[in-house]
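Participant: Look at Swiss-Prot and you will find 117 tagged as active site, pros-phosphohistidine intermediate, backed by sequence analysis. Annotation source Swiss-Prot lists ATP binding site at 11, 59, 87, 93, 104, 114, citing sequence analysis.
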């Protein structure tokens, strides 16, 4: 099976809970290699650009407000079948439906403040990685 890359966000509510290290440890325990990561505080323009596909939906403004309410941690993760394995680790988007032991079951506060984001396809992963990471900011792991 081919090695894939996926994109992950630790959202403002999870950053505020000081669980970044715990989430990274769970990524690594699940066999992911972290090949790029940074902390940043999204501007309104960045949040609107990243979530542009949701523009016009009833939850869009609240999502932008939440995602700009504090710092986030964006990461590029690498493993076999990375997109699906990462989504399985995150759990259901709605934490009320997330299985015990998933990141959203453990760290989400609500549907909007669900703690984490993960790419839903390889195409989304490529687009999302390119949104946050420039040339040379993702480092292939050779060891």
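Don't overthink the numbers, they just go from 1 along the chain as shown.
Placed from the backbone N, Cα and C atoms, the Cβ positions cover glycine too.
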Participant: When DSSP states are folded down to helix, strand and coil, where does residue 93 (ATP binding site) land?
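Facilitator: The residue in question, residue 93 (ATP binding site), is coil (DSSP, three-state).
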Participant: Measuring Cα to Cα, how many Å separate residue 11 (ATP binding site) from residue 117 (active site, pros-phosphohistidine intermediate)?
Facilitator: 7
Participant: What's the CA to CA span in angstrom from residue 59 (ATP binding site) over to residue 117 (active site, pros-phosphohistidine intermediate)?
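Facilitator: The separation of the Cα atoms works out to 16 Å.
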Participant: According to DSSP, which kind of secondary structure is residue 11 (ATP binding site) found in, if we only use helix, strand and coil?
Facilitator: coil
Participant: So of 11, 87, 104, 117, which of the recorded positions has the fewest other Cβ atoms within 10 Å around its own Cβ?
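Facilitator: Counting other Cβ atoms within 10 Å of each of the recorded positions 11, 87, 104, 117, the minimum falls on 87.
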Participant: Name the residues of the same chain, 6+ apart in sequence, whose Cβ is under 8 Å from the Cβ of residue 114 (ATP binding site)?
Facilitator: 11, 93, 94, 95, 104, 108
Participant: Which residue, out of the binding-site residues 59, 93, shows the minimum number of other Cβ atoms inside 10 Å of its Cβ in this structure?
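Facilitator: Result for the binding-site residues 59, 93: minimum number of other Cβ atoms within 10 Å at 59.
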Participant: Three states by DSSP: which one describes residue 87 (ATP binding site)?
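Facilitator: Looking at the DSSP assignment, residue 87 (ATP binding site) belongs to a helix.
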